[in-house]
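The compositional bias 'Basic residues' feature in TrEMBL is assigned to 228-238. The compositional bias 'Basic and acidic residues' annotation in TrEMBL covers 239-257, 306-315. Among the features that TrEMBL reports, compositional bias 'Low complexity' is placed at 274-286. Annotation source TrEMBL lists domain 'C3H1-type' at 185-213. According to TrEMBL, the feature region 'Disordered' maps to 228-326. Positions annotated as zinc finger by TrEMBL: 185-213.
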């Protein structure tokens, strides 16, 4: 029972009351995935950016809600979360400080952040870490643990009353998509760009496959081939060279990582010809988790009934091109975090220690870098005036 949690996903549709710039590609992405701009502009909860205006502590606003999250000291789980944290700080907290050092110092005093993109690359060692890939990879690995009677995650979904059905959006998310097994005979080649980064400039018009299941199949097959080659090479070297030293045997895991990457750091795909940093940067615009929030959504396991599917079809515009919706993204992010925590806990991690996942605490993924951005306070950093005022407001009581 101590490892059982009830999770509820809520989405607040917000509306910035100041002038702002939108990118057509981002708007198209949101519309294709069911975002309702009419609802946002007619019913969106208003907010303003930057510093507080008036007595925010007395108003029922999003900024007050964000301050309550800080007071509660609850962990904030994100995926590729640097842009998200910049967005949250600027929109619901205060003006952005002038320097990165001040920004990270102030974040360290307000939030406990966990980045599942960092965890996917540095903890679970996945060769790709965009959200849907990491989620499906975790789900596959979890099923293997379950089949082998190992420690694993179990997910159940709440039964909501009929009068709440119009607020709930379901999506069938089986272990493998139906098109994956059906199209196995006449296989369409995988889009290398989408395979590596989860984004393709051609979008739905791309003639190559964006099927995540097929991509993971190919990655697993390639990894197995590399493993066999390394094993064969190691045996051959063992038979021809002098016996290896004890410390070399102990560091064999690190040699495997170096063989995969050519350098220390997370595994990376080598199939795409563009540098990782340039292409990942392009991912931010259409696939950023910092986009506006939409109506309540839920993800579902394979045991979905026919009436649930009908509800999905009649409830607003359908989700296209994957499982990207605000609620689904929240679910996938939470699932990845739970899976990583379960793995780390299984390795005799001290669960009584704070924070509850020290290896990932306040470490944000940086595109193209082999090290994360650590949210820590430097001895040389100074707090901004706005942050000092917010801290007084937060802890005045």
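Using the three backbone atoms N, Cα and C, a Cβ is placed for every residue, glycine included.
Each residue of the compositional bias 'Basic residues' (228-238) gets a DSSP state, and the totals for helix, strand and coil are 11 helix, 0 strand, 0 coil. Applying DSSP to the zinc finger (185-213) sorts its residues as follows: 11 helix, 2 strand, 16 coil. For the domain 'C3H1-type' (185-213), the model's average pLDDT works out to 83.
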